[in-house]
């Protein structure tokens, strides 16, 4: 017998992973949660059937979502993570001794509990004493918080299902209000390659660039996401991720990273022409 | 009825494309050649079952294999292309009026003839008057040529089947001899992500870096190749692709490109840390 997990990247293209066994399958209040064990990618989990995190390439995503803003402003002390129930983003953040507070707001506690059981390396720092976990709606949390953060990371699913509110203008606007004058917003920014993903990429960029003086997009290779070409957004009131990168300061921390380095930090903001054109035309 | 083309990226991961119809299927002297029509990727063809070229993302591959060396040395006049039977590399080269001669050596004439029929845009410049087509073994051609080239592009399949000789030390050595003192060698350099591809990437790099004073690797997003993370090698006797890039000169040509631009040219040489480490340890 062979067991294969298949994800439709579009109606006409699909990616399949051979599965050793299904470890977990629950319908939470918000979504369908499945964990699998595989030869190629180790343990992985899906939400509503879409690949979220696997042991083989999660280092890419979490390196890029955390170290790019941290190398731009090493003085970041208070961080808000929206989503990110797997804990990988928090894990990378806790490597900075200079960070004093990490608030993580994940709508679905069941995701966190399952990741603590089945992805112990990814979720290993959720119990760090600087981390405060809130199992709430990120949209409402940001609207109601009196806290001011130096960095907000939107580590969300796609803008369907529980992640939908995290792609609205209201949400980005409340993020802007919850950020200090030196604040940085990094968000999961979809992909330029397949039409539906590109549509969401343009919608997100259009909203964010209206609200932030500096609004850029950077790319990375994420083999298990549709097309393997994925993007994060970098928005800020003050810091430019290329002009303001602190190369020597970041390298002096001697953090061992498998994907991120300060050369790549600069390089990943150089996008293909067709992606630049899509982002520039996002207003239309 | 549904018809799906499936490529095994590894034994445990596969990518599938919904096919409208199979256009062509022949066993040539060298390999199995298949052409398909699809909704997502337009017309595409495979050799021995592996994706080679499709209408949706071929611009990425051909932009990156041609414009990176051409922007590094715009004085390139004589070019040798090994492989590249689809004609996309030649098409991009012919956009430079300053190129005087393009010799293309493709072992399998049947690939060229089928591409002329089913991929007319990709193969559109194979009849350009500067192009000389040789249906020969690239390994023997480079060994026996008295020509001296400014640029050799190895647009090969993987190092199994007819492409195998194009990954040998003998071949790279003969390329070096057939290059002028200003010569540049660009080669299809596999991928760092899946184990088998990474193994070939390291083998190729080990051989090339022994022979050329300058030997670098650059990356791009190729959604239909395994993992979507693909590499080309840039080797040269004189030119450094970053220090010697002629940004203004290349932009003054006003070539419209969908993927390549001079910012990306610099950015694509910044590789993830794990890829750098693999390349550095290639000698071991």
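Cβ atoms here come from the backbone N, Cα and C positions, even for glycine.
Listed in TrEMBL:
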type	residues	note
ACT_SITE	A:155	active site, proton acceptor
BINDING	A:31, A:106, A:137, A:138, A:162	S-methyl-5'-thioadenosine binding site
BINDING	A:62, A:86, A:155, A:156, A:157, A:158	spermidine binding site
DOMAIN	A:2-237	domain 'PABS'
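Projection of TrEMBL feature records onto the structure.
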| residue | record | Cβ within 10 Å |
| --- | --- | --- |
| A:31 | S-methyl-5'-thioadenosine binding site | 20 |
| A:62 | spermidine binding site | 26 |
| A:86 | spermidine binding site | 26 |
| A:106 | S-methyl-5'-thioadenosine binding site | 26 |
| A:137 | S-methyl-5'-thioadenosine binding site | 17 |
| A:138 | S-methyl-5'-thioadenosine binding site | 28 |
| A:155 | active site, proton acceptor | 26 |
| A:156 | spermidine binding site | 20 |
| A:158 | spermidine binding site | 19 |
| A:162 | S-methyl-5'-thioadenosine binding site | 22 |
Item to check | residue A:137 (S-methyl-5'-thioadenosine binding site) to residue A:155 (active site, proton acceptor) - Cα separation in whole Å | outcome: 13
Checklist entry - Relative to the mean position of the Cβ atoms of A:31, A:106, A:137, A:138, A:162, the recorded S-methyl-5'-thioadenosine site, which additional same-chain residues have Cβ within 8 Å? => result A:30, A:83, A:107, A:108, A:163, A:166
Checklist entry - Going by C-alpha distance, which of the binding-site residues A:31, A:106, A:138, A:162 is nearest to residue A:62 (spermidine binding site)? => result A:106
Item to check | Under 8 Å by Cβ from residue A:157 (spermidine binding site), same chain, sequence gap 6 or more | outcome: A:47, A:48, A:50, A:52, A:83, A:163, A:188
Next on the checklist: Between the Cα atoms of residue A:31 (S-methyl-5'-thioadenosine binding site) and residue A:158 (spermidine binding site), what distance do you get, rounded to the nearest Å?
Outcome noted: 13
Checklist entry - In angstrom units, rounded to an integer, how far apart are the Cα atoms of residue A:156 (spermidine binding site) and residue A:138 (S-methyl-5'-thioadenosine binding site)? => result 10
Checklist outcome for this item: Simplified to three states, DSSP reports residue A:162 (S-methyl-5'-thioadenosine binding site) as helix
Item to check | Cα-to-Cα gap, residue A:162 (S-methyl-5'-thioadenosine binding site) vs the residue listed as 'active site, proton acceptor', nearest whole Å | outcome: 12
Checklist entry - Helix, strand or coil: which one is residue A:62 (spermidine binding site) in, per DSSP? => result helix
Checklist entry - Out of A:86, A:155, A:158, which of these recorded positions is nearest residue A:138 (S-methyl-5'-thioadenosine binding site) by C-alpha distance? => result A:155
Next on the checklist: Can you give me the average pLDDT across the domain 'PABS' (A:2-237), rounded to a whole number?
Outcome noted: 97
Checklist outcome for this item: Rounded Cα distance, in Å, between residue A:158 (spermidine binding site) and residue A:106 (S-methyl-5'-thioadenosine binding site) is 15
